[in-house]
Amino acid sequence: MARYIFITGGVVSSLGKGLASAALGALLQARGYKVRLRKLDPYLNLDPGTMSPYQHGEVFVTDDGAETDLDLGHYERFTGRPATRQDNITTGRIYQDILTRERRGDYLGATIQVIPHVTNAIKAFILDGNDDHDFVLCEIGGTVGDIEGLPFFEAIRQLKNDLPRGHAIYVHLTLLPFIPSAGELKTKPTQHSVKELRSIGIQPDILLCRTDREIPAEERRKLGLFCNVRESAVIEARDADNIYAVPEVYHAAGLDDEVLAAFGIEPAAPPALKGWHDINERIRNPEGAVTIAIVGKYTGMKDAYKSLIEALSHGGIANKVKVNLDWIESEVFENEDAAPFLEHVDGILVPGGFGQRGAEGKIKAARFARERHVPYFGICFGMQMAVIEAARNLVGISDANSTEFGPTREPLVGLMTEWLRGSELEKRSKAGDLGGTMRLGAYPAMLKRGSRVSGIYGGAVEISERHRHRYEVNTAYKDRLEQHGLRFSGLSPDGVLPEIVEYQDHPWFIGVQYHPELKSRPFEPHPLFASFIQAAVVQSRLV
């Protein structure tokens with residue numbers, strides 16, 4: 001039977017509960033246990049698919065097409081286990097399910113209440129499908145005290161009593177701020193956070209204390225005394241120089257040992273952390289450096305590109321180089337020459353996005369990369385802008401544009417109205433809802449033999465990658481574009497939807513309609529990112 005670890009947060013938001021959960025999952029996995037990680041989000045949205053990147057950050061898409069919290073990206077990258085739509089739930093989804101069942105009459109006329117109906121739905125989600133796992137780690141979004149989170153805290157309180165004794169523990173992530181004028185770490189915010197938890201019936205078993213310095217023995221004793229935890233269960237979560245050092249840092253602090261002790265499990269052997277050690281050696285001792293320009297729309301909110309940042313880091317690990325990122329707001333190119341911003345970089349990446357704002361700047365970035373022979377990687381929207389650039393400046397279609405921006409006489413990019421998922425036809429219309437209506441999740445693509453991209457994928461002729469888009473390049477222009485050197489080297493199996501474009505007479509210029517960053521791992525860098533950084537290394541020797 002699975003054992004459950006509930007991770008909560010206190011004092012302030014953005015402490016890194018997702019990263020802490022992922023690191024703990026990796027440590028347990030390194031000891032030979034089978035783990036599953038799940039995220040419970042208290043907001044009322046059904047999913048983050050229609051939320052602003054500035055508020056929520058990245059939307060992480062799973063193979064089965066779920067739009068989920070970015071923490072699921074951490075879970076996948078640290079454990080290598082693909083997440084599914086069953087690993088993330090929101091208050092909105094729970095309420096939708098309950099109200100649907102109420103309308104059907106499933107509750108037989110009962111008054112629907114937060115307790116027991118909402119809490120029972122949360123518990124059912126947590127317990128579902130865990131039979132073949134040793135540990136299930138459940139992260140509760142937000143911080144203790146948030147009114148939205150109360151049903152979730154109540155549900156996990158009940159679960160500890162529902163499960164057999166010794167099958168559930170609570171890990172509380174908190175902050176120990178250092179006050180320079182006093183010259184000491186302050187424990188009072190943590191004490192109040194734990195007091196809030198205890199007031200709703202939850203006694204933490206382990207305190208995971210974020211800090212930038214060592215916790216003095218006296219402060220550790222004070223936390224143990226006033227928070228009612230063992231002194232050994234006050235874990236020092238020191239800041240790390242990079243996120244892939246966190247598993248080693250937490251192991252050195254004793255987190256995994258304390259978790260096993262809380263369950264009454266005697267550790268058989270220390271965790272196998274050599275792989276993590278090797279990765280950190282590569283990160284800390286690079287053999288060179290490259291600079292990649294990210295020409296985007298949401299550059300003020302780096303979390304909007306979380307998986308992208310990590311995938312570029314993985315490309316650096318694969319090539320033993322440090323990857324420096326130069327964030328450039330694409331709007332600056334609309335009235336400025338791109339050259340002064342891009343002449344110093346070793347590669348240009350234009351990521352996914354939506355809407356017209358900044359689109360012309362991305363088109364200029366693609367043109368600069370094509371004409372100056374700088375490695376270019378266009379992802380989703382970045383591929384579409386590269387195709388429009390080619391149509392305008394190579395083929396001579398001056399009005400080439402996307403219907404996403406409004407009516408156009410030359411729709412190089414248009415709204416998808418139907419596509420195949422397996423053997424089933426999916427249809428969409430412009431008048432439909434925004435949420436959950438894109439082409440989402442894993443789809444196959446067929447690669448042309450002899451193409452650059454096929455070589456990057458090890459000679460593969462069929463791949464599967466994750467998608468998140470509702471617009472697609474118009475194949476009616478395919479022949480004219482190919483006559484001018486832009487090769488369509490990847491298509492959907494039915495040949496209808498372009499998936500990959502490339503210039504073969506360019507050092508490295510590839511656009512993909514999918515999101516390869518979602519499948520990159522530190523131990524298995526995505527081949528496109530490894531190849532892109534390799535091309536940037538070559539470029540760095542030419543600049």
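Note: Cβ is positioned from N, Cα and C throughout, glycine not excepted.
Owing to the predicted nature of the structure, the values given are computational and were not obtained by experimental measurement.
In Swiss-Prot, the L-glutamine site is described by Y54, F381, G382, M383, Q384, E404, R470, and among G25, G80, G353, G441 the residue recorded at this site is G353.
Matching D71, D87, D162, D303 to the ATP binding residues that Swiss-Prot gives (S14, L15, G16, K17, G18, L19, R238, D239, A240) identifies D71.
The CTP site recorded in Swiss-Prot comprises S13, D146, I147, E148, K186, T187, K188, P189, T190, Q191 together with one of K39, K222, K274, namely K222. Cα-Cα distance from G353 (L-glutamine binding site) to D71 (Mg(2+) binding site): 20 Å (rounded to the nearest whole number).
DSSP assigns S13 (CTP binding site) to coil in the three-state reduction, outside any helix or strand.
Using a 10 Å Cβ-Cβ cutoff, G382 (L-glutamine binding site) registers 26 neighbours. Taking all protein chains in view, 22 other C-beta atoms sit within 10 angstroms of the C-beta of C380 (active site, nucleophile). When other Cβ atoms within 10 Å of the Cβ of E404 (L-glutamine binding site) are tallied across all protein chains shown, the result is 18.
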